[in-house]
Amino acid sequence: MQRFIKWLAVITSLDLLIVLLGGALVTKTGSGQGCGKSWPLCNGEFVPSNLSMETIIELSHRLTSGSAGILVTLLCILSWKYYKHVRETKTLAILSFVFLVAQALMGAAAVVWGQMPAVLAIHFGISLISFASVILLTCLIFEIDQKFDARSLIMDKKMKFHIYGVTIYSYIVVYTGALVRHERASLACPDFPLCSKNRPMPTQLHEWVQMGHRVAAMLIFAWILYAMILAIRHYKQQPVVYWGWIISFILVTLQAVVGVLVVFTNASLAMALLHSLFISCLFAVLCYLVMLGTRSKVNAKEAELTSKQTK
């Protein structure tokens, strides 16, 4: 059964990643109304008779979201049953399921009633939490923490501050990026790093949305760079923290490069999807570090108790 659960966890993680990228594809191609205003049917039909490209993209996104719902539900039930001895299992299972349902309902509401771009931008963030929760469940199932000896990990308050702070802030950056997509502001500023050669400062809403995201992205790049330097200096003996921050910096660098290329490639589809891919992976890595940070407090108490007993 454990072998089956491992395969299920991997397939579910991949399916949720496809759902995330599919949502970005729907937004990028303007396929949100590919099935009209009907849900769960497509243009009022179970199998649509008129298959335009927008309909195919929207319908594919709905099908992958539906399969993700089934897989996440099954994974939550099995992990709850067979891995309940691991402290975070139940919390992650609940988060995975609840946020997936919230994402599906919000997507359906956007189709039927329509939503403001500021509200639609939350849709990607909700999906991201479900994805990260499933990734963490997968890590627990594969016992990644044991391989990195994470059970004995103890972090100082400074490192935990950076882990929690960067993760929360990354969610804000994700929201600003999603807002750029839904406001159709990807090409509002044709230059980089300033908005335009003729107008370095933004003058209208779409330019402010674009430049706000750029500033937020630059700040998270600098913050992760600083945290990585701390990890390299002080956590070489803790490989999970050491490599966690190095991987985070690699991902945020790739994210930044692709973000610039989105501007200079006229918002090409490939760059837009890579932009969503890298931030999804980065958020999952940061959430894993958060989980380790919560364990660190427990590990410190256990170490202190053991020390008192030996005395």
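Keep in mind that glycine also has a Cβ here, set from the backbone N, Cα and C atoms.
Remember, predicted model here, so these are calculated numbers, not experimental data.
Here's what Swiss-Prot has on this protein:
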ACT_SITE  E58  active site
BINDING   H61, H123  heme o binding site
BINDING   H213, H275  heme b binding site
DISULFID  C35-C42  disulfide bond
DISULFID  C189-C195  disulfide bond
TOPO_DOM  1-6  topological domain 'Cytoplasmic'
TOPO_DOM  28-62  topological domain 'Extracellular'
TOPO_DOM  84-91  topological domain 'Cytoplasmic'
TOPO_DOM  113-121  topological domain 'Extracellular'
TOPO_DOM  143-159  topological domain 'Cytoplasmic'
TOPO_DOM  181-211  topological domain 'Extracellular'
TOPO_DOM  233-243  topological domain 'Cytoplasmic'
TOPO_DOM  265-271  topological domain 'Extracellular'
TOPO_DOM  293-311  topological domain 'Cytoplasmic'
TRANSMEM  7-27  transmembrane segment
TRANSMEM  63-83  transmembrane segment
TRANSMEM  92-112  transmembrane segment
TRANSMEM  122-142  transmembrane segment
TRANSMEM  160-180  transmembrane segment
TRANSMEM  212-232  transmembrane segment
TRANSMEM  244-264  transmembrane segment
TRANSMEM  272-292  transmembrane segment
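Broken down with DSSP, the topological domain 'Extracellular' (265-271) shows 3 helix, 0 strand, 4 coil. Taking CA atoms as the reference points, C189 (disulfide bond) and H213 (heme b binding site) are 11 Å apart. Counting Cβ pairs closer than 8 Å to the transmembrane segment (212-232), the top stretch among 7-27, 63-83, 122-142, 160-180 is 160-180. If you take the CA of E58 (active site) and look 10 A around it, you hit none of the recorded positions from H123, C195, H213, H275. Here H61 (heme o binding site) comes close to V19, G22, G23, L25, V26, S31: these same-chain residues lie at least six apart in sequence, with C-beta atoms under 8 angstroms from its C-beta. Taking Cα separation as the measure, H123 (heme o binding site) is nearest to H275 of the recorded positions C35, C42, H275. The two recorded residues, C35 (disulfide bond) and H275 (heme b binding site), show a Cα separation of 26 Å.
Nearest neighbour of C42 (disulfide bond) by Cα distance, taken over the recorded positions C195, H213, H275: H275. With respect to Cβ pairs under 8 Å, the transmembrane segment (272-292) is most closely packed against 244-264, considering the stretches 7-27, 63-83, 160-180, 244-264. Separation of the C-alpha atoms of H275 (heme b binding site) and C195 (disulfide bond): 19 Å, rounded to the nearest whole number. Per DSSP, the secondary structure of the topological domain 'Cytoplasmic' (1-6) breaks down as 5 helix, 0 strand, 1 coil.
Long-range C-beta contacts of C195 (disulfide bond), restricted to its own chain and to partners at least six residues apart, with a cutoff below 8 Å, comprise A188, C189, M201, P202, E207, Q210, M211. Averaged over the topological domain 'Cytoplasmic' (84-91), the predicted model reaches a pLDDT of 85.
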